[in-house]
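Asker: Submitted below is the structure of interest, expressed as structure tokens.
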Amino acid sequence: AMAVLRSLGSFLCLWALRLPAGTGAAARGLDVASYRERVRAMFYHAYEHYLESAFPYDELRPLTCDGQDTWGSFSLTLIDALDTLLILGNVSEFQRVVSVLQEGVDFDIDVNASVFETNIRVVGGLLSAHLLSKKAGVEVEVGWPCSGPLLRMAEEAARKLLPAFQTPTGMPYGTVNLLHGVNPGETPVTCTAGIGTFIVEFATLSHLTGDPVFEDVARKALKALWKNRSDIGLVGNHIDVITAKWVAQDAGIGAGVDSYFEYLVKGAILLQDKELMSMFLEYNKAIKNYTKFDDWYLWVQMYKGTVSMPVFQSLEAYWPGLQSLIGDVDNAMRTFLNYYTVWKQFGGLPEFYNIPQGYTVDKREGYPLRPELIESAMYLYRATRDPTLLELGRDAVESIEKISKVDCGFATIKDLRDHRLDNRMESFFLAETVKYLYLLFDPDNFIHNDGSVFDVVITPHGECVLNAGGYVFNTEAHPIDPAALHCCRKRKEEQWEVEDLMQEFYSLKKNKKFILKRASDNGEGESAKDPEDASSEKGEEKRNSKKRSHSLLSCPSQSFNSKLAVLGQVFLDNT
């Protein structure tokens with residue numbers, strides 16, 4: 001159990017980097033419980049209308065009360081909303097949807113699907129639901145979490161994506177046909193995020209199934225981008241996956257690049273991988289040097305560092321949350337407050353905002369109910385308890401209800417200037433926007449567990465600790481339990497570390513007995529004798545091994561890239 005818990009250390013320490021619960025929200029008169037219930041009502045207004053009017057299509061069209069397939073005909077909204085149901089506490093509906101998905105979703109279809117979107121929404125959603133199944137009261141099969149129907153579905157979907165990675169560079173095509181593989185005429189140009197946003201889901205799959213191919217292709221793609229960064233340390237927006245030539249050379253933190261940086265950090269946390277974190281920190285230096293101006297982040301030419309677009313994109317609003325995960329809370333808050341001023345100006349974040357002019361960009365005035373600013377507010381509130389962050393949540397609830405709510409759900413805002421609506425409700429509204437809002441207003445949710453409680457399950461590979469907290473959200477807000485990655489295979493280095501620890505332990509015990517024996521032989525009295533003989537020690541150790549105490553996890557004092565394992569991330573205190 002100790003080896004399993006160890007991986008939680010870094011993330012729990014970052015996640016727990018927060019002040020004591022304060023009275024700031026109450027002082028400003030914000031009724032957190034009331035807003036939490038309003039968010040719950042928002043979810044069910046959208047979810048129930050999807051079921052009534054759009055299922056089994058991917059998405060709801062809220063203005064015409066019907067459905068449409070958008071990303072591949074997977075009943076996508078149902079998959080995306082599944083773990084949100086559990087976060088809201090609805091175990092019965094979670095169980096029902098699990099059965100529906102097993103019976104109704106088929107990946108053997110002649111459909112051209114986005115490799116990126118299928119991974120983050122379908123593979124990520126199924127993996128998260130699989131790992132949360134036992135908590136949701138689903139009767140899991142023997143061998144869980146190393147087996148199960150949702151895991152098999154996630155693996156099947158991911159295998160459909162593997163042909164996209166068969167390129168000279170290891171960087172994947174952007175689109176794949178689920179039945180036939182990559183189409184002969186498929187464009188080799190893929191955005192950076194579409195190449196670097198697989199390590200969370202694919203590494204989880206490899207660890208749970210024992211098949212290394214998923215993590216291998218994800219790592220190869222990440223390293224190919226790293227290898228092709230510019231001399232000043234930046235990456236562009238689109239690249240040819242055959243020739244590795246940059247097609248779009250704008251460098252920034254927003255659309256087309258965003259989740260590449262996100263997955264370097266989250267992959268590092270999930271896998272305790274200092275190489276991935278080192279790569280991000282190098283990028284972070286270049287980003288600060290060339291793109292940051294007065295706590296805004298602009299777009300620059302990747303080779304020269306000259307400004308190409310002085311705009312803020314709504315997708316960039318994830319950045320303060322990512323900064324909080326590496327402990328850079330002060331910079332994160334300053335940037336967040338810049339973004340919040342834009343929200344206050346329009347009642348939402350336009351897709352593009354011209355920073356010098358202080359206004360929207362032509363044909364980019366819409367707000368499709370994106371989650372990124374709310375996501376950052378949720379992370380930063382855990383770190384600071386600053387009531388300003390709750391005020392953003394309040395404003396989001398008020399804006400979305402006032403502008404976007406219609407009889408059949410919530411509609412994309414086509415233009416924030418006049419509040420015209422578009423006939424679409426993207427699945428991320430239920431997967432991300434509502435989820436992050438709810439978690440912002442629900443400080444006691446199991447997702448926020450600090451490790452003080454956890455479950456121990458028995459697998460064919462030994463004891464496994466789950467639900468101890470430290471969940472790593474994929475870029476579609478599907479939480480992955482990092483401890484689960486240690487449940488299904490005992491890696492050699494872990495085995496050696498445990499053996500080293502045990503040898504050291506028994507060596508100390510042996511030395512103690514030797515010293516006590518010498519003291520006894522020298523006539524220093526019965527009081528010097530060890531009260532336990534070898535047989536009683538073994539019996540006591542056996543009894544102690546069966547204890548299931550709910551002990552606190554403790555954060556390490558070492559830096560991230562210190563030696564892990566025996567020197568310690570998290571230890572069980574069975575005293």
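The backbone N, Cα and C atoms fix where each Cβ goes, glycine too.
Sharing the feature lines straight out of TrEMBL:
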ACT_SITE  Glu117  active site, proton donor
ACT_SITE  Asp258  active site
ACT_SITE  Glu351  active site, proton donor
ACT_SITE  Glu372  active site
BINDING   Thr475  Ca(2+) binding site
COMPBIAS  520-543  compositional bias 'Basic and acidic residues'
REGION    520-555  region 'Disordered'
SIGNAL    1-25  signal peptide
Asker: So among Glu117, Asp258, Glu372, Thr475, all listed as recorded positions, which is physically nearest to Glu351 (active site, proton donor)? Use the C-alpha atoms.
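Answerer: It is Glu372, whose Cα lies nearest.
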Asker: Compute the C-alpha separation of Thr475 (Ca(2+) binding site) from Asp258 (active site), stating it in Å without decimals.
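Answerer: Cα of Thr475 (Ca(2+) binding site) to Cα of Asp258 (active site) measures 10 Å after rounding.
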Asker: Can you grab the distance from Glu117 (active site, proton donor) over to Asp258 (active site)? Cα atoms, rounded to a whole Å.
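Answerer: Roughly 14 Å, rounded to the nearest whole number.
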Asker: Write down the Cα-Cα distance for Glu372 (active site) and Asp258 (active site), rounded and given in Å.
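Answerer: With the alpha carbons as reference points, the distance is 11 Å.
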Asker: Tell me, how many other CB atoms lie within 10 A of the CB of Glu351 (active site, proton donor), whichever protein chain they belong to?
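Answerer: Taking all protein chains shown, Glu351 (active site, proton donor) has 21 Cβ neighbours within 10 Å.
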Asker: If we count other C-beta atoms within 10 Å, could you say which of the active-site residues Glu117, Glu372 has the fewest?
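Answerer: If we count Cβ atoms within 10 Å for the active-site residues Glu117, Glu372, the smallest count is at Glu117.
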